[in-house]
Structure formats: structure tokens, C-alpha cells
Amino acid sequence: MDIVLATGGTGGHIFPAITLARAIKRQGYDSILFADKKTGKNTDVKDYTLPLNKPGGNKFRFFLLLIYSCVLALYQIRKLKPKLVIGFGGYASFPTLLAAKVLSIPIILHEQNAVLGRVNKFFFNSAELIATSFPETKYAKGNKCVFIGNFVDIKAKSHSSTKKILTVLIIAGSQGANFFDDVVSSVICNLPIEIRKKIRVVQQCMKKNMNKVEGLYKGGQVICELSEFFDDMGSRLTDAHLVISRAGATSIAEITLARRPAIYIPYPCSKDDHQFYNAEYIKDSGAAVVVEQNSEVKKNLTKLLVNLLGDSQKLRDMANNTKKIRIKNGVTEFIRIVIHKLG
């Protein structure tokens with residue numbers, strides 16, 4: 001085995017690892033994902049599932065599973081004998097990175113967010129290289145920290161300006177998605193009728209909320225398409241005139257590289273407040289607006305949507321401003337580093 005990728009937890013950690021695994025395979029190298037139960041199965045990517053669940057609720061059970069996962073990871077890594085372990089942060093990467101450290105296997109870390117996460121911070125001194133997704137990453141200082149970019153499979157494409165219907169793409173992410181299903185949908189359905197008639201909503205929606213949200217849009221006379229997950233995000237972004245999203249690092253990278261204007265609503269309970277720092281980096285570019293999830297969110301979001309959806313030139317200006325943002329797809333550059341490390 002050439003490379004083990006340590007990931008899991010949320011899509012922000014998982015999807016960059018999957019993108020990198022596919023790129024590694026195209027270069028003729030072998031890799032496997034070590035992740036938790038949330039990762040799911042990807043037929044074209046090898047994976048090994050650790051029996052971890054998200055921390056919360058029964059903490060004693062979580063720590064028992066964490067210890068068990070560390071033992072399993074140590075056994076599997078010793079058996080596979082990889083030349084390199086790449087960690088993507090998050091609690092689910094801890095057992096695999098610990099095994100690599102114990103077995104003296106070279107470690108590279110990839111940090112998706114604008115603030116170094118707790119697991120990556122823990123293994124900072126053990127890593128040979130820390131690849132960052134933002135030009136400036138809080139707590140990631142020193143010569144071994146290199147701005148590489150995030151790993152996404154998105155390319156900028158222009159959409160037809162002749163379309164009279166504006167597509168609003170809503171990406172809830174895996175954290176705090178109920179808020180988008182309840183609050184954001186409600187705000188859109190209470191916009192002035194002249195705006196509701198000229199928009200089409202494409203929304204990532206929790207399965208349990210699907211009927212409720214669909215009924216809400218139907219009652220508000222808003223054309224909608226709902227899905228629990230979009231596996232063609234590149235196409236969805238191409239069709240979008242405006243994106244409403246959490247401020248996860250991978251979402252920001254995809255939206256920015258697709259050259260789309262956005263409204264970011266940072267998840268207020270994100271670890272180390274990383275979504276706030278991600279959004280802080282973006283907000284001064286003129287390509288996006290940040291709305292805080294607080295008691296004023298409905299009023300602020302309503303005012304913003306009325307202004308943006310009523311001004312197509314403003315949306316085009318915001319899209320052009322994405323070019324100013326130093327967000328890049330780092331797959332090619334990172335692969336060169338990995339190949340050099342493998343010798």
C-alpha cells in the first residue's frame with residue numbers, strides 16, 4: 001500500500017479526501033481511506049471503516065469506540081505498511097494518525113479551514129508538511145506550512161444570461177441543516193410575489209424534512225427541486241445565479257472556483273468557530289455576503305435576498321469578484337509533493 005488517507009466526520013473532511021484518492025489512482029498509485037461510519041461507500045475508492053460515531057451524547061461510549069478504533073487502526077496500518085499517511089482533520093482521523101506516529105510512518109496534514117483544527121493541531125509537530133487551503137490559516141505557522149488549496153472537482157463555467165428564471169442553490173451541508181430547511185425556506189416563501197415568481201430553488205434538504213419543505217414552497221408558489229444529496233454539484237453550481245450556503249471550507253472552495261455569488265451563513269456551533277474564520281476571509285472580496293445566524297437572521301436575509309434577486313448586475317459583479325479571492329484547487333500541486341515523498 002502506498003498511501004492511507006485519514007478522514008471522516010463531515011463532508012468537509014471526506015470529500016477532499018475522496019477527490020485526492022481519485023487523483024492518486026489516476027497517477028498509478030494505491031490508496032485507501034480510513035474513516036468512520038459516516039463516510040459511506042464509494043465504489044471507486046477503497047475504504048476501511050472504523051467503528052467511530054460523532055462525539056456527543058454518550059461520551060463514555062465515544063471514548064470506548066475511540067480506543068477500540070485506535071487499536072484497529074494500529075493493527076491495519078502495521079499490516080498494510082503504507083509509505084505515507086495523509087490526515088484531513090476531524091475526530092475520525094485521530095486513530096489512523098496516531099497509528100502512523102507510533103509506527104514512524106511519514107505524516108502529511110491537510111487543513112481545509114481557515115483555522116487549524118484540534119486533531120491537526122495535535123499532530124502538527126509529528127507532520128512533515130501541513131498543506132493549507134487558505135493563504136492565512138490561524139495556528140498554522142512555520143516553514144512546513146504551505147498554502148496548497150482545497151481538493152475539489154469544480155471548474156468555472158458561465159451560464160446563459162438569457163434565462164429569465166433565476167436559480168437559487170441552497171447547500172445546507174451536514175451541520176445545522178434543520179436551520180436551512182426551516183428558516184431559509186420560510187424566508188424565501190415570504191419574499192415579495194414578484195421575486196418568488198422569477199426564481200427556482202434547488203435545495204439540499206434533510207430527508208425527514210422533505211415533505212414539509214416541499215409543501216412550504218408549494219404554498220409560497222416557488223418552483224423547487226429538493227434532494228438529500230446532489231452528486232453533480234459542478235452542474236448545480238453552473239446553473240446557479242446565487243448560492244446560499246454554510247461557510248464550510250469545501251463549500252467555499254467549490255462556490256468560489258465555480259465563480260458564483262454567495263450568501264454564507266456560518267454554523268454558529270462549528271468547532272473552534274472555524275466557519276466564522278472561513279467566512280471572514282471571503283466577506284471583504286465583494287463576491288459574497290455573510291449573514292450571522294442570530295435573532296435578526298430572518299430580517300437580514302430577507303432584505304439581502306430582495307436586493308440581490310432584484311439586481312442581476314449586482315449578481316454578475318459579485319461573480320466577477322470571485323476572481324480576486326486566493327482560493328485554488330490544490331490537487332495537482334499536492335500530488336507532485338506526494339509523488340516526491342514516495343520517491
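Just so you know, glycine gets a Cβ as well, placed from its N, Cα and C.
Note that the structure is a prediction, hence the values are computed from the model and not measured.
For THR10, GLY11, GLY12, ASN113, SER174, GLN275, the entry in Swiss-Prot reads UDP-N-acetyl-alpha-D-glucosamine binding site, with the evidence type sequence analysis.
Positions of Swiss-Prot features highlighted on the structure.
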{"residue": "THR10", "record": "UDP-N-acetyl-alpha-D-glucosamine binding site", "DSSP class": "coil"}
{"residue": "ASN113", "record": "UDP-N-acetyl-alpha-D-glucosamine binding site", "DSSP class": "coil"}
{"residue": "GLN275", "record": "UDP-N-acetyl-alpha-D-glucosamine binding site", "DSSP class": "helix"}
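For ASN113 (UDP-N-acetyl-alpha-D-glucosamine binding site), the Cβ neighbour count at a 10 Å cut-off comes to 31, with all displayed protein chains included.
In terms of local Cβ density within 10 Å, GLY12 ranks first among the binding-site residues GLY11, GLY12. Shown are the binding-site residues THR10, GLN275; of these, the residue with the fewest other Cβ atoms within 10 Å is THR10.
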